[in-house]
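Q: I have a structure here, written as structure tokens, and I will follow up with some questions on it.
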Amino acid sequence: MQLVIGKSTGEFNAIRARKHLEKITGVGPRPVGSVENEVLTVNYLLEQIQHIQAEATKGPHSISVDVQRPTGSFSIDFLGGFTSYYDKVTNVAVKLEPKAGAEHLMLANCHFDTVANSPGASDDAVSCAVMLEVLHSLANLSSPLRHGVLFLFNGAEENVLQASHGFITQHPWASHVRAFINLEAAGVGGKEVVFQTGPENPWLVQAYVHAAKHPFASVVGQEVFQSGVIPSDTDFRIYRDFGNIPGIDLAFIENGFIYHTKYDTPDRILTDSIQRAGDNILAVLKHLAMSEKLADSSEYRHGNMVFFDLLGVFVVAYPARVGTIINCMATMATFFFLGKKCTLPINGGVRYVRELACAAGVVVISWLVTLLSVLIVAVLVSLLGRSMFWYNHFYMSVCLYGAAATGKMVLIHTLAKNLYYGGVRRLELGDLFFDVSLLLWCCALVYLTQQGLCSAYVPLLMVAFPLATKLLLSREFKQRGATVLYTVLYLLGLALPYVHFIFLIWVVFEIFTPILGRSGTEIPPDLVLASLVTMGTIFLSSFFLHFIYLAKSTKWILTGLGTIFTMALILVSCGLFFPYTADPASPRPKRVFLQHTTRTFHGLDGQVERRDSGLWINSFDYTGMRYISPHVPEINDTIRTKCQEDLPFCGFPWFLPVKFLVKKNWYLPVPEVSPKSPIEFKLLSKQETDWGTTKLTFEVKGPSHMSLYLMPHPGALLSRWSFGDGTPKFDLSGEYFIFYSHGLESPPWKFWFEIQPPKTPDPSGPEGMISVAIASHYFFGEDQKTPQLNEMLQRFPKWAFPSSWVSTYHMYRY
């Protein structure tokens, strides 16, 4: 295939990038090991790079290309922790440098592989298309860059970051990399957000702020992501942990409902989004490749940055140590403001402190009661079988949970005003509860600053602007009370922090709402969403609470909110809001995994003890098979299966160690599978070591994706193995998970481990020292489907996305 490049202008051309995107996704899903990934996509990339090389021969840069196929192993603390082994996965590395050579390189990383059954336009073909066009633009510059730029098109990221590990730990160019930009996706299209930087190295954030044409960045996102709340990870971790290199992590975050599904297609990515991303990446890479700091960043390494953008117009960034000083100044100003009020004769010193403490108690109690009340509503909705009604109708979560939270807050403070503060003037109460909101935000500011979190800038905004507004309007408030003029000026003073805070809340819901559709069967999503809505309501209402005490009556507000809540609850209870849709304009698919698997269980003597076959079905959201069963009656609670604790990973072929997230499974008996390339598992040797362990050596030949499960029996200890650094890591409740993948061609997989026999065998436990299971996964090719699987897929409703493949599970005892 050939693409006409056309004349270069040195600017980023989104039209050319879109053509790259369409060519890459045109081959279909690209799992590791498939011809589509290892041959067709690689050949296309190499062909386009050769065109760029030919066009840039007279320019000031040279371009070198290397196709790397590394083999390696490492352990990673993700999904509870597991070990990864890869063999001959693919990297396409392109080095652009001045013709005189470059000692220091800036790395740009994307991945072209995909999960099974998804074309992966946003994750991550569009990033590779952007990088090809950025390479083209840089190659046609008329003046040379100070440093080199290394473009890594890696072919095994979806296999849990394997190709990036192979590059950064084994490639000779890796030692010259000083910093990196990683391009990723957690959604489809929209703006790309900077959600991780560092570690430390604040100069990288400064470079992005200075160079990016369309900045979109938030340190809040960074600290939330690095907390582990979001069940995802990127190549950023590999370069940071195994390469000790600082970097910037960017990702598309909008429309995560169709991330990793068949709907992740090029037509859903706007050309404007590609242009925006390309403009940013090109400008930032140019800036960094010309920066003196890239050559020796150690001088600029220490410290973190506070950074956030204002509606994508521009980014505010300053060193964290400066942020600490500003935070302390705001805190002192707040306490000076409140302390001065204590000294006023009208407040009586101690009396004001007591009233402030009591009012703060009322506010905190109102928070707790509101959260509890809304959670009770969420539990009721879940018990009625209406969970996730908001998945395709988000506005209804605001009508139900938002109205409940707001109404409860107003009701509690109305009761406090009428029953507890009956004899106090409304103006005094309004003033008091403004002070309470200021005090509580100031406490949050002190706590986050003390914890060293850069996100402390949020409470800083919520302290500084309201305090300044109050000081400017104090005379107006004292003389005339809560007039229309006061209200308008007050709202104008709060506009900037509130607009930014509402924007942050939008980003939170943009990310977390789709995640709740793939977070497993054990986390009640309505409780999570109700909590988020309630917390958003509490935060947003903070500086408006005093209007409740200034108002003569809240009867009409409570009546309106009560009506909205009641109507929403009735409509939701009646089941009028279906969670999923196959609407091409805005699909909200239900995610289901189907594996046609055959399970074989061997005894200590190697003989087959039991064998069965079936369709193993996993729902990746809380609703399970409730909405599927009417379409496929065979999938019902009578075929629900429980975890067999005495078998490695419950006796099922888990692709990744997520059994703690997906405990509801269905197993429908069907005829067994017969892959044309069956797995071959051999015990090569069994040796007794001088130090009292038994060393078992194995050889496996099978498809490109396999999972190995080790389960030492009670009293036995896994002491050493051939993976990673040689020390078994991440004991998952007595089990170990090893993820394996290989490229197009690879030799048989050989590995060994040593097991310490139990000193006193448990007569009631299983025979032998250890149970070993191996699962094979056929993600592509003629072995991926069976007639039974195809027939079942045809019966699933259109609004479901059943990702399916063939697998086998073999268990042995030694």
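Heads up, the Cβ atoms here are built off N, Cα and C, so glycines get one too.
So TrEMBL lists the following for this protein:
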DOMAIN    91-284  domain 'Peptidase M28'
TRANSMEM  310-338  transmembrane segment
DOMAIN    352-572  domain 'Endoplasmic reticulum metallopeptidase 1/1-A TM'
TRANSMEM  359-384  transmembrane segment
TRANSMEM  390-411  transmembrane segment
TRANSMEM  432-450  transmembrane segment
TRANSMEM  456-473  transmembrane segment
TRANSMEM  485-509  transmembrane segment
TRANSMEM  529-549  transmembrane segment
TRANSMEM  556-580  transmembrane segment
DOMAIN    587-812  domain 'Endoplasmic reticulum metallopeptidase 1-like C-terminal'
Q: Looking at 310-338, 359-384, 390-411, 529-549, 556-580, which one has the highest count of Cβ pairs under 8 angstroms to the transmembrane segment (485-509)?
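A: Stretch with the highest Cβ contact count: 529-549.
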Q: Three or more CB pairs closer than 8 Å, sequence separation of 6 or more: does that hold for the transmembrane segment (390-411) against the transmembrane segment (359-384)?
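A: The transmembrane segment (359-384) and the transmembrane segment (390-411): touching, yes.
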Q: Select the range from 359-384, 432-450, 456-473 that forms the most Cβ-Cβ pairs under 8 Å with the transmembrane segment (529-549).
A: 359-384
Q: Give the mean pLDDT for the domain 'Endoplasmic reticulum metallopeptidase 1-like C-terminal' (587-812) on the 0 to 100 scale.
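A: Averaged over the domain 'Endoplasmic reticulum metallopeptidase 1-like C-terminal' (587-812), per-residue pLDDT gives 93.
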